[in-house]
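Student: Below are the features I grabbed from TrEMBL:
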DOMAIN    2-259  domain 'NADP-dependent oxidoreductase'
ACT_SITE  TYR14  active site, proton donor
SITE      LYS43  site 'Lowers pKa of active site Tyr'
BINDING   HIS74  substrate binding site
Amino acid sequence: MQLGYRHFDTAKIYGSEPAVGNALRKAILDKTIEREDVFVTSKLWGSDHHDPVSALKQTLQNVGMEYLDMYLVHWPVKLKPWACDSVPKEEDFEELDLESTWAGMEKCMEMGLCRCIGVSNFSSKKIERLLDFASVTPAVNQVEMHPIWRQSKLRETCADYKIHVSAYSPLGAPGNAWGSTAVVDSPIIKSIALKHKATQLRLPKTQSLLQIMKVALQWGISKGSSVIVKSFNKDRMKENMGSFDLKLDDQDFLEIDNLEQSKTMRGDFLVNQTTSPYKTLHDLWDEDI
């Protein structure tokens, strides 16, 4: 917050809702910020599809707030009510009734528990299926998006329906066990970063990484997306904000568009041959993979 960040993204399954809420409430009480100045997002886990209203009320209790700015369906997956692990067991899956889930999400908004509702990890086809019965169009689709997984078709679909695309893992999640270093190791992105001298810090071991980070973030911003960054390093947080000052040129975009694509968050943990509605990754992502 002190560096200027105003969008805070959390979720029940992350276990970070209380910490995020405590920090925000402290800043609000200290008059560092006003509640209206921050945008707080959280997400409905699969085990709560049967009752989104109760789930959101619990989230609001966790964060200590009266409302969220955005509440997202985390995945198009329904789990049994007691299935609270981030990697579901085979016996945890239930048949997805998205129409019922979305009606519950719309109820959350009607009750004033959140200002907007949206989805996460939805393919183009699943967005269009949702729109067949939705009274409220999702405001956001939060998905993996970065220069190595560019989501061109999905961005076009979302633009057609005026759905904002929010990018998680905008650097490819190199620090996560499931992540990839494909973005930060890309010679093309590194050359673009060096061309623009995208960082002012002079830290020999991290200079190249900081340059690449700013190029990758600015690429996402240039596509009209919000980018969700994560760091515990204050210098990197500051450098991330500097990505707004970087301007990529047409040649940069062309070189990035020619990079071989690779998806990091594949969702294998939601696919099985017996209980999941998704028997293959293609079932989960449709033609978007």
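Using the three backbone atoms N, Cα and C, a Cβ is placed for every residue, glycine included.
Any TrEMBL annotation is an automated prediction that lacks curation.
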Student: Would you kindly give the Cα-Cα distance separating TYR14 (active site, proton donor) and the residue listed as 'substrate binding site', rounded to the nearest Å?
Tutor: 11
Student: Do you know offhand how many angstrom separate the residue listed as 'active site, proton donor' and LYS43 (site 'Lowers pKa of active site Tyr') by C-alpha?
Tutor: 10
Student: Return the residues near LYS43 (site 'Lowers pKa of active site Tyr') by Cβ distance under 8 Å, restricted to its own chain and a separation of at least 6 in sequence.
Tutor: THR10, ALA11, LYS12, ILE13, TYR71, LEU72, VAL73, HIS74, SER120
Student: Taking the Cβ of the residue listed as 'substrate binding site' as the centre, count every other Cβ atom within 10 Å, in any protein chain shown.
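Tutor: Neighbour count, Cβ to Cβ under the 10 Å cut-off: 20.
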